[in-house]
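**Q** Input: one structure, supplied below.
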Amino acid sequence: MASVPKLLLLVLCSYHTLAAHVRGDGNYTVLSIGSLKSDNHVCSEPEATSQSTGVTTVPLHHRHGPCSPLPSKKMPTLEEILGRDQLRAAYIQRKFSGGDAKQGGVQLLDLDVTVPTTLGMSLDTLEYVITVGIGSPDMIQTMFIDTGSDVSWVQCEPCSQCHSQADPLFDPSLSSTYSPIPCISDTCAELGQEGSGCWRSQCQYIVRYGDGSSTTGTYGSDTLVLGPNIVTNFQFGCNYVDSGFSDQTAGLMGIGGGPQSLVSQTAGTLGAAFSYCLPPTPSSSGFLTLGAVPGGQGFVMTPMLRSSPVPTFYGVTLEAIVVGGRQLFIPPWVFSAGAIMDSGTVITRLPWTAYSALSTAFRAAMRRYPPAPPSSILDTCFDFSGQRMVVIPTVALVFSGGAVVNLDANGIILDNCLAFAGNSDDWSLGIIGNVQQRTFEVLYDVGGGAVGFRAGAC
């Protein structure tokens, strides 16, 4: 038994040695190795609240975590996650690949390629869910959230071809407020020729995702319950036929910037702004706030860029990267292709020149740890064997307008690798993934044209 206090003393001494090192140099931070392999059996729900004056806030959970209402808690392997993530990132970048790439890349504000808004991302990459009520009386539905999607949908009775889900199927015939949308309506026309049809005078929708999966059914409206708040005439797809899905969710809640999204539909009543906080580990919780009012304390703000041909995505301009307190030498033109914020992409994608500079600087600051083999798309990896805590350099992303976002330690390292990946060139769109967004309240002030970040929100 005497060995236990000695072991504890050793751990404490190690921690204080590391902490003293970091206090002496604010350009480094300590990362617990235990946080990289979070406990997937115990739900930890700390106080996670929006700093904005929000109209409604609902809890947000990792789909595979113990806080999730879904029955399956089995986490996919890192290789599986990164493989799916690569498919999603490539699909997003193809949507923005119009024009002559060598003439300065794709500009979010001047994009000249038209892409049907009915095309969505691969659902296999989505990680975060919320629980809402639909109908009168309301039926509980657990849904993915996705900034890369606009059309929301749930599986409905009678469903001829549906995947298994944790919640009972939504039955529109049991709701006194459900109404199918007529074929001859502006709402149906907005879905586009490739995304809509007509059956018995009712508007039909179809969403085809980048991984080949799809959802088809009737486009209608009903009451949506978000926590204590009620949204009337919420428009969504009532799915009767889907293919390619294997999760336990009821459907998807689109929070993109297109006209069909939850954000656009509630802009008139809740305001054209929303925010979320993605938790640092699957065993903790975050939140989604609708109607968030900008101006909360602690936010750093950067202008939001939008593209009318591709209205789903929220763009930002990355201008610099700081590692260990030192700004990397990256020519400004490297970031000219622009970047988007995406809740569904896991790993941030950077222009090759920017990623190369980041990787080189990070390796140099991590010389005390032996290198490790690459893990899928992650090629800056380290051997942390025998370590309980590691010292890593701080990393900050600098956006236009002077917004400096100092990443949480869990947003720098994934497993044992630097949680960034490089594009194959400097002309492809950058993507700010959810690993880097974790623990921040990310505010999308759509009406005001700005994106904000508040550290330590969940």
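The backbone N, Cα and C atoms fix where each Cβ goes, and this holds for glycine too.
As listed in TrEMBL for this protein:
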- 1-19: signal peptide (SIGNAL)
- 44-73: region 'Disordered' (REGION)
- 128-454: domain 'Peptidase A1' (DOMAIN)
- Asp146: active site (ACT_SITE)
- Asp342: active site (ACT_SITE)
**Q** Taking the Cα atoms as reference points, how far is Asp146 (active site) from Asp342 (active site) in Å?
**A** 8
**Q** Tell me the Cβ neighbour count for Asp146 (active site), meaning other Cβ atoms within 10 Å of its Cβ, over all protein chains shown.
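**A** Asp146 (active site) is surrounded by 25 other Cβ atoms within 10 Å.
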**Q** For the domain 'Peptidase A1' (128-454), report the average pLDDT of the model, please.
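**A** Across the domain 'Peptidase A1' (128-454), the average pLDDT comes out at 92.
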**Q** Sequence gap of 6 or more, C-beta under 8 Å: which same-chain residues meet both conditions with respect to Asp342 (active site)?
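**A** Spatial neighbours, sequence-distant, of Asp342 (active site): Ile92, Thr147, Gly148, Phe313, Ile431, Ile432, Gly433, Asn434.
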